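**Q** Here it is: the structure, laid out below.
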Amino acid sequence: MTMITDSLAVVLQRRDWENPGVTQLNRLAAHPPFASWRNSEEARTDRPSQESRSLNGEWRFAWFPAPEAVPESWLERDLPDADTVIVPSNWQMHGYDAPIYTNVTYPIAVNPPYVPTENPTGCYSLTFNIDESWLQEGQTRIIFDGVNSAFHLWCNGRWVGYGQDSRLPSEFDLSAFLHAGENRLAVMVLRWSDGSYLEDQDMWRMSGIFRDVSLLHKPSTQISDFHVATHFNDDFSRAVLEADVQMYGELRDELRVTVSLWQGETQVASGTAPFGGEIIDERGGYADHVTLRLNVENPKLWSAEIPNLYRAVVELHTADGTLIEAEACDVGFREVRIENGLLLLNGKPLLIRGVNRHEHHPLHGQVMDEQTMVQDILLMKQNNFNAVRCSHYPNHPLWYTLCDHYGLYVVDEANIETHGMVPMNRLTDDPRWLPAMSERVTRMVQRDRNHPSVIIWSLGNESGHGANHDALYRWIKSVDPSRPVQYEGGGADTFATDIICPMYARVDEDQPFPAVPKWSIKKWLSLPGETRPLILCEYAHAMGNSLGGFAKYWQAFRQYPRLQGGFVWDWVDQSLIKYDENGNPWSAYGGDFGDTPNDRQFCMNGLVFADRTPHPALTEAKHQQQFFQFSLSGRTIEVTSEYLFRHSDNELLHWMVALDGKPLASGEVPLDVAPQGKQLIELPGLPQPKSAGQLWLTVHVVQPNATTWSAAGHISAWQQWRLAENLSVTLPSAPHAIPQLTTSETDFCIELDNKRWQFNRQSGFLSQMWIGDKKQLLTPLRDQFTRAPLDNDIGVSEATRIDPNAWVERWKAAGHYQAEAALLQCTADTLADAVLITTVHAWQHQGKTLFISRKTYRIDGSGQMAITVDVEVASNTPHPARIGLTCQLAQVAERVNWLGLGPQENYPDRLTAACFDRWDLPLSDMYTPYVFPSENGLRCGTRELNYGPHQWRGDFQFNISRYSQQQLMETSHRHLLHAEEGTWLNIDGFHMGIGGDDSWSPSVSAEFQLSAGSYHYQLLWCQK
């Protein structure tokens, strides 16, 4: 029977979820993950503990629109209409309530600490039997690793406690509430709490028990906390493992702690001591603490490159050696410090190849499983990332163990963001909110500080800068001086950060915002008195078709030592799977669930799609971040290793010389490069081709053997140089038949053998081509100056909020999308060996001329059509997106073959990873399926394109797909696209960059804008 003090009515009346001074009730203190082994060998080998029991699985669930709607009887028994859900999960992914995607704007009315009366509430219940031995002695705990956003817990009708902070564990002592036989848990989860005001991250807002739930049985006298730290001499040849252990329970003289350090099966060091002993101040020391220090000779150091791990086992036992309990953790010997303006790991300056990562799954929402976590880490390592920022909250505890094992540097970030507050520091400068903020920072440190992968603490994200930040910065520095602290808020360089950590600062361009100027990263280093390293906490906003200009950042990182890299925003698109009326899955974004407010597709900024399929931009990141750099002088290749600790022991350098993609010579050389060292490779005499074409030297670094994170044959680095371009000399050929020109009132028609070309005299366009009796065009060949807008072109512009500075709004306002062609000239001439068509068009909008396009089409006796285009751009119109030609081809061929840059999509400001070669791909692979449709699939540096019976030659860029630019521009989701008749071909003489420094302001660098007044290009179109 529920006692009055345990009743739901009492809890509802108290309204703990609207009191920032109440962050928990009866919650146990934070600590590292425990297993409570009763066998030290099991602790050493990390076997599953017999004292731990998972409660994951089917729970009963009932949803209510508000906590007041929950019946009191639910505390005692399941409701008749309760459903079954899987724990962990977000209830929105089971059809209850709706997920909400918003970036800055709070999803509730801003009135802290109060939340709406309509506060969706999930009532979970579970019955279970307890091991009777657990009831006889010791303490049984329940651990909720993550509940969003706040919850009350009852056991057998009695109230146990309350917890909030959705991203850290809430742990309670159940011992007094359990009995023999069947026990019942009841968990009331509220969607909104005062804690929601501290959790305004750019992500889907979801609810429920979304991380693991487990029981843990510990002895009455137990290890209640332990943390380890490593210290070194100057040359890292000797180390000390310092282990601080705390106990709880009856303090007896015969209690001892033993700490043993293991490397595999070998015990490296061990020490035993009683509790107490260390004097803290004039009153003495802690009687329930002990600190042991173990000396280690020549430790194998931990780094992301070589993640050497030891195992520390902490045993609590009696003086006669009887084991009471053991806990354990992996240990990495490594040192992090800032010295002379540089962030150092084991004495070497780091170059952070980082990415921000949200915990997101397209089917499961914010529920992470081990398979997905490992998949993310492997992809990061395979693409030359060495660091990850837990944006913007502590991650699932398993994540850190995996980062320790595989080798990734981690920025561990507190679950604090108040981006929607005005001003942003409204709460973080308010002492009433210090307890809540303190819980989020201190508990993160207490949980995760044993992980060697965690090299930096972060105070949170986008919360302004307040006095609470300064207080928490000081607390971390006093408790854990072994790690730097970073925090971007308030200008990225406040007192509360050891690292200048701006977001979206540009390489050379200042953004002098009021109060918090965002300087260029180069300028920031040179500000008077500034000596800290600079690491961008967010940069290169990878939204849709983006990451233009990425190479510029990496040029700066390698040029200026104190520019020590950054974290790309971000890793994975946050789209969610929905199903149409036929049960077909499709990818949804903000607003697709009826969620208001929402920020549309701004949740999709990933280098990989939600299912972890890579975006093309990921290859650019991989190439720029590669650990081997190359230079070529004559026949000598200089290979420079950017590894700090790893000697190349699993790398072969493959080289190949090819002429227009045809191999002429190749070879293979083992790499033997010391950390930060160089190797010179002398190539044999290279062939000198006699035929025309481009001669390229390509090198690849291949790993012949599999590693923990890559398969055998993995390519880790590559580079390409153009050695020469031999031009052909066209000799007089045998006389060809002269094309025949026929003129009518409406058309010029040119015939040659079985081919015909038709030019409409009213439009001036090539309106049709025939090969035999087969039409080749579904639409005329026309000039094209626009593209289906990228996310970077749109910026923050939307129907209800127009940003006139966005590229798409400039193009719309100027009439680029509405421009119509006025024919100024269309003539035909028969030459000695060809027919020449000359056209001039003025592309106009509302009486204003935007572009003048002059074209000649020369069709000779070989059947080739040489197209020459000269375009003049009006001085008062915005720089165009492209200058090219477009048409709809009648044929749909299976494959596309081209000689140019590839194989992946590339753009003028994102092409350093592309290689010049002859490529052949299915037509479907020429389209990049961005969830929000846009311009996509461009291939630059093309010399030849073959598709169906057609061939184009010249120096151009192209994309080819079943979707027109018009359809891409008018369609909101990729699943709504339909394959059109034929194939759309876009051939560009020039194409604007895509940008990507951020996605809300124009970010295409000047050198990649089409700012010239006139353009000239040529194209040869023939049939094979």
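Cβ coordinates come from backbone N, Cα and C, glycine included.
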**Q** Can you find which of Glu439, Glu462 Swiss-Prot lists as binding Mg(2+) 1 at the same site as Glu417, His419?
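**A** Checking Glu439, Glu462 against Swiss-Prot: the Mg(2+) 1 site match is Glu462.
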**Q** Check Swiss-Prot for me: it has Phe602, Asn605 binding Na(+), so pick out which one of Asp202, Asp212, Asp997 it puts in that same site.
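**A** Within the candidate list, Swiss-Prot flags Asp202.
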**Q** Among Asn103, Asn295, Asn298, Asn906, which residue does Swiss-Prot name as a further substrate binder in the site formed by Asp202, Glu462, Glu538, Tyr539, Ala540, His541, Asn605, Trp1000?
**A** Asn103
**Q** If you measure from the C-alpha of Asp202 (Na(+) binding site), which of the recorded positions Asn103, Glu538, Asn598 fall inside 10 Å?
**A** Asn103
**Q** How many Å separate the Cα atoms of His358 (site 'Transition state stabilizer') and Phe602 (Na(+) binding site)?
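**A** Cα-Cα, rounded: 14 Å.
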**Q** Can you count the other CB atoms that lie within 10 A of the CB of His541 (substrate binding site)?
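**A** I count 24 other Cβ atoms within 10 Å of it.
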**Q** For Tyr539 (substrate binding site) and Asn605 (Na(+) binding site), determine the Cα separation and express it in whole Å.
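**A** Cα-Cα, rounded: 11 Å.
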**Q** Out of the recorded positions His392, Glu417, His419, His541, give me the one sitting nearest to Asn605 (Na(+) binding site) by CA distance.
**A** His541
**Q** Do you know offhand how many angstrom separate Asn103 (substrate binding site) and Glu417 (Mg(2+) 1 binding site) by C-alpha?
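**A** That comes out at 11 Å between the alpha carbons.
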**Q** List, in sequence order, those binding-site residues among Glu417, Asn598, Phe602, Trp1000 whose Cα sits within 10 Å of the Cα of His392 (site 'Transition state stabilizer').
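**A** Within 10 Å of His392 (site 'Transition state stabilizer'): Glu417.
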**Q** Which of the binding-site residues His419, Glu462, Asn598, Trp1000 has its Cα nearest to the Cα of Glu538 (active site, nucleophile)?
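**A** Result: the closest of the binding-site residues to Glu538 (active site, nucleophile) is Glu462.
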**Q** Which of the three DSSP-derived classes (helix, strand, coil) applies to Phe602 (Na(+) binding site)?
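**A** For Phe602 (Na(+) binding site) - judged by DSSP and reduced to three states - the answer is helix.
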**Q** Under 8 Å Cβ to Cβ from His419 (Mg(2+) 1 binding site), same chain, six or more residues apart: give me those in sequence order, or none if nothing qualifies.
**A** Asn103, Val104, Asp200, Gln201, Asp202, Asn461, Glu462, Ser463
